[in-house]
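Okay, structure first, notes after.
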């Protein structure tokens, strides 16, 4: 099988986005350009969501309460990704609201220490995601909650791709600047994959309204966040990409809950 196939791009995307053990041969001869491989970010997200959904479903089957099932799934996602996106969300919150100048905000975002804004933001997002998953379990069942995790993890990385493409780099020499930006064709491919996952994971539980809700919420929130990034630091960084993924994930789950 060709290393530059969509499967190869998915495995290399998983290598960047997660800590899952992966066959080394896929990283030897293929195109290791992250902006090109990024077309498979939604597929990598779907794999992570599938594994987290399996944790949620199995926890429910051994009679754990919905909140415990949701928290275990969230913990599984964080463990698989090394809390990559949560770290970006926390750093973004500390930087944006802990300083008054763009340069100082960027300096704070590079600091590995967690501040008050980061801690509060992570508590809110983890709590909100757990509450949404718990509600889906209560209203539609654990199977649909597991499916929703697949959809939200895939689609949120489609949103992250669009966010990455649309905004200029705010930190010369930073991660997102050093690897470049995805081309429009990559974004379109990633969006199509993410949309397909939304159709097949949300509509069975919440109908077309859940799909519309998810798209409207995610688009609106990411657009607002993009404007905030421009105002605060003049563009995007690796941290804000992680924050965009977290925002998109919560938006998709909220869209489904609103339709149930």
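Keep in mind that glycine also has a Cβ here, set from the backbone N, Cα and C atoms.
Matching 96-116, 117-137, 138-158 against Swiss-Prot, the residues noted as transmembrane segment span 117-137. With a cut-off of 8 Å between Cβ atoms, the residues of this chain six or more beyond the transmembrane segment (40-60) that come close are 6, 9-10, 12-14, 17-18, 66, 68-70, 72-74, 76-77, 80-81, 133, 137, 142-143, 145-158, 160-161, 190, 193-194, 197.
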